[in-house]
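Sequence annotations record features per position, and here TrEMBL assigns active site, 4-aspartylphosphate intermediate to ASP407. Taken from TrEMBL, the feature Mg(2+) binding site covers ASP407, THR409, ASP775, ASP779. The ATP binding site feature in TrEMBL is assigned to ASP407, LYS408, THR409, GLU482, LYS531, ARG562, THR642, GLY643, ASP644, ARG748, LYS754, ASN778, ASP779. Residues annotated as domain 'P-type ATPase N-terminal' in TrEMBL: 40-94. Sequence annotations record features per position, and here TrEMBL assigns domain 'P-type ATPase A' to 126-190. If you look up TrEMBL, you'll see 798-1045 marked as domain 'P-type ATPase C-terminal'. Among the features that TrEMBL reports, transmembrane segment is placed at 288-311, 342-361, 862-882, 912-934, 949-968, 980-1001, 1021-1043.
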Amino acid sequence: SAFRAFLMFCATLGGDERRVESRTINVGHRSGSPNEAIIPPKFCDNRIVSSKYTVWNFLPKNLFEQFRRIANFYFLIIFLVQVIVDTPTSPVTSGLPLFFVITVTAIKQGYEDWLRHKADNEVNKYPVTVLEDGRRIRKESEKIKVGDVVEVEEDETFPCDLILLQSSRDDDTCFVTTASLDGESNHKTHYTVPDTERNLESLNATIECEEPQPDLYKFVGRMHIYTNNQEPAVRSLGPENLLLKGATLKNTQKIYGVAVYSGMETKMALNYQGKSQKRSAVEKSINAFLLVYLCILVSKALVCTTLKYVWQSKPGQDEPWYNEKTQKEKDTNLYLKMFTDFLSFMVLFNFIIPVSMYVTVEMQKFLGSFFITWDKDFFDPEIKEGALVNTSDLNEELGQVEYVFTDKTGTLTQNNMEFIECCIDGFQYKYQDARSELDGFCVTDGPVNKLQEELFLRALCLCHTVQVKESPESFIASSPDEVALVKGAMRYGFTFLGLESKSMKILNRNNGVEMYELLHLEKCDTLLFCKGADSSIFPRVRQEEVERIRMHVERNATEGYRTLCVAYKCLSAEEYAQADEGLREARLALQNREEKLMAVYNQVETGMSLIGATAVEDRLQEEAAETMEALQGAGMKVWVLTGDKMETAKSTCYACRLFQRNTELLELTVRTLEDGGRRREERLHDLLNEYHKKAVQDAPPAKADYGFIIDGATLSMVLNSSSESNSSRYKNLFLQICQNCTAVLCCRMAPLQKAQIVKMVKNSKGSPITLSIGDGANDVSMILEAHVGIGKEGRQAVRNSDYAIPKLKHLKKLLLAHGHLYYVRIAHLVQYFFYKNLCFILPQFLYQFFCGYSQQPLYDAAYLTMYNICFTSMPILAYSLLEQHICIEVLLDNATLYREIAKNATLRWRPFLYWTLLGVFHGLLFFFGVRYLFSNPALQDNGQVFGNWSYGTIVFTVLVFTVTLKLALDTRHWTWINHFVIWGSLAFYVFFSFFWGGIIWPFLSQQRLYFVFANMLSSVSAWLVIILLILLSLLPEILLVVFRKPRGPNARQVDSFALALKHVPLPLSHPLLSPPFFSGPASSKMKHRLPSSGTSTIFMLSQTASTHSFSWSD
């Protein structure tokens, strides 16, 4: 039966768990036996807590988490060194940026946690009705205790996990939707505990059940009902009696239930707690680059410390006449002095480590995630919802996906079933013009057996969990398959009228109403109907009946239909009594209940008679084929992981174009293992070697089109071979075969196996980035296991996912457009930050060679502090949020562009080396260019010379303008925000320099920049050098844009496209930037030009050119 299939699924889902503890609950807090005193057990309250912090622990806990980051901890050490040791720069220079970073991150995390507190309060303060001493009392949800009897009305959600005691329906059932838990929007039927008192005030009962565990589909318990000092009646409790927190009551006016699990012990909360922290590949690259720059910093400090003491070892250099040492300095230990000098140099050069980069990255991810939620293309008018971002830390991972793991039912397909046809006794039936019709596709000729036909249709009307909603043609059920089959039977003249008490009513072809008792023993024999997959039904029926039906089942599965077989058995009174007794005993067991139930079912369901089979169509999702084709075109490997049978899943893969007609399928299933007539393990070994030779060893240079199919049973053999060495070898062979196939289909998968597959690929060589997408609770394990988890519609899947989208078709834009842009933006942000900090500190390092290694700062403390916080931070933040180096239409039309950024292409060592060398070139040019200017002794009109602070200010001015204009040259998508922050940052620097140096500040003991900036700009030579050095620094970039022209017959068509691609932060020799990329057949496919990027670039160049000519004429 459907319920039996449900129990089989539960047993599969949690077969590894063994419960060793149980809890006892007094219903209504009343003692079961009058002679027993109640000792109230300690259970947790009903508060839900999803937040990380409280008011009291926010500060210490958040600071601890932030200082676990290597950069934050490093700057804290530097700040403490500046406070303790006499260093050349003020503690403010490193303390203020660190404080800014810590504060902004704390505000962001505090805000996110406040939202979690707000959501928790909405749940915890929700008013509920509880029965206490015969009175209905309203209280807050968080005050419910285990053992309370709770009243829930229609369309309300259950405040905790309840055992159903009483329902307003006459048949003692209630209907529930669990969309918030497992994504199933269908109505599920739950049953009250049999023989409970109608008056709950007088109910004396205790419940003994298992301790809380997260499996949504498993519950084992029993209820002891005490009446008038008699022996207590014992009733079994299962998942059909348990109402889960978060589910909603439907089509039932009111129910009463007793709380068994509350708060953080409810199944919903236990499932929510299993989410682990995911880290992106970009974050790992940042840490690697950080270590390189840390090594550069230490090297600089060591070089300067060594050269200082070499220089001081020369006569007269250690203690010149104008700088005699104090007695304290003379008495200081030499090695201690060397160590403090080393620390001083570390402090002086520490700005090469970009601490503010972390806060900029955090802000970019947080603000950037809103672009996904704001995207109108993701809005679905049917459910009136758009995309949802649960984790903003993984935005850039969307642009790096190599493997996509997708569920089939409800993800690739709509999970909206329609009855197509059926087969009865070997004859095919198709509905046409309100009558059944034979098409001759049958094993035997001759008229069909009318008795068999009616028996089959009665089975469809009776073997289900469907309920009539309002009219006889409106049904609700826990599975859409069930409704489709009942409606199919209705087409052929048998209409299900509903359930009254324990009787099922159907209307037959003769308009006669038939009544059937459920599990009721009468004098006549009892009919047992069984409906299920062919793999489950065929072993339970007489084998001579199988062949007549098998060909229909296989043909229907090949056409993409979901098939079910129907069988029956006539039970004698003795057989029924024996089975009934066995089921009662098994249901009362607290230990191994599923195994005992399965043993009874297997004993009864033997020697059954096969009647026929059904075919139901589950239509594909909108644009499913186009989406899968685009993902494969982008270089992603798509794996379909499903619990469905192989033939149905295979036809879905063909319909989605994952398998093409020329695809050679490599099948590794139980069927192929049994073909050779040898032991399964030997056959598995041979097939794996054969497929490996074909797909890997002998694969032609141009990869052949292979598809791989495996089922759950064979996968278990591959992963859990009897020999450990064999298991490891099989796993490697299996992975290598799959990696050489265009698509992989894994059918008959249990939820745990889905997660095992994802984990195996994720941990394979190269650590490829994986993405899982699913819609139900059975997909949660693989969603959590993958690098990026996408939930679709189903609330449990959405709750545990990183991103949620309404439709499968939205995955294309999410990855090919948003993912691509997010990755390129953040990659440029990271490389640019390291570049601009190297430009910043290299002149400071070079300056030590000209000041006797005295740790003299080149820049003023204000400049050191403000450089990363104010002068250069906003332009790169705006760029990293708004840049579109290629417009979205081109990205969607040309999926192959996604391949160019795959495998972290723009954050590899080669691009990093390019940016580092660019920073070295600019740093050398800034320092020595200004030094060449200073070779002229008189730079001002009055013949006065510039001092060291003027020198540093000129270098700093060239630096700020160069790194900002470099970003302006890289910008392809200009908005008013870009203009505002780029030109506004430069204007703010000039204004700040005038303001900072133009006033005497009372809190400064010494004012190094008093009128330095204004005095500097009074010199024509200083103006000339500043403009000239900026132009010389940017000249390679300008020439590259001007002279790099696309070649080929379609050069004009892709001119703007070429300019857009130039921006990608790669080495100049990267193939993506080379002219052949824009010529030939590929370029002829380009349909869209970039409307703004090309013209923006040309506009910028004309600005630069005019400035250049103006400077020279001046």
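Cβ atoms are placed via backbone N, Cα and C, with glycine included.
TrEMBL annotations: computationally assigned, not manually curated.
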Cα separation, THR642 (ATP binding site) to ASP407 (active site, 4-aspartylphosphate intermediate) (Å, whole number): 6
Within 10 angstroms of ASP644 (ATP binding site), Cα basis - binding-site residues out of THR409, ASP775, ASP779: THR409
Among ASP644, ASP775, the most crowded of the binding-site residues [Cβ within 10 Å]: ASP775
C-alpha spacing of ASP779 (Mg(2+) binding site) relative to LYS531 (ATP binding site), in angstrom: 25
Region pair the transmembrane segment (912-934) / the transmembrane segment (1021-1043), three or more CB pairs under 8 Å: yes
DSSP-assigned states of the domain 'P-type ATPase N-terminal' (40-94) in counts, ordered helix, strand, coil: 27 helix, 0 strand, 28 coil
Interface check, the transmembrane segment (949-968) with the transmembrane segment (288-311), three or more C-beta pairs under 8 A: no
Sequence-remote partners of the transmembrane segment (288-311) [C-beta within less than 8 Å, at least six residues beyond its ends]: 70-71, 74, 317, 338, 341-342, 345-346, 349-350, 352-353, 830, 834, 837-838, 845, 848-849, 852-854, 912
From binding-site residues THR409, ASP775, ASP779, the one whose Cα lies nearest LYS754 (ATP binding site): ASP779
Greatest inter-residue Cα distance in Å for the ATP-binding set ASP407, LYS408, THR409, GLU482, LYS531, ARG562, THR642, GLY643, ASP644, ARG748, LYS754, ASN778, ASP779: 26
Using Cα positions only, nearest of the binding-site residues to THR642 (ATP binding site) (THR409, ASP775, ASP779): THR409
Result, the transmembrane segment (1021-1043) in contact with the transmembrane segment (980-1001) (3+ CB pairs under 8 Å): no
Tally of residues which DSSP labels helix, strand or coil - the domain 'P-type ATPase A' (126-190): 7 helix, 38 strand, 20 coil
Those recorded positions listed as ASP407, ASP779, and which of them has the most Cβ atoms within 10 Å of its own Cβ: ASP779
Around the Cβ of LYS754 (ATP binding site), the count of other Cβ atoms that are within 10 Å: 27
Chain-internal residues near THR409 (Mg(2+) binding site), provided their CB is under 8 angstroms and they sit 6+ positions away: ASN415, ASP618, THR642, GLY643, ASP644
Predicted model, mean pLDDT over the domain 'P-type ATPase A' (126-190): 85
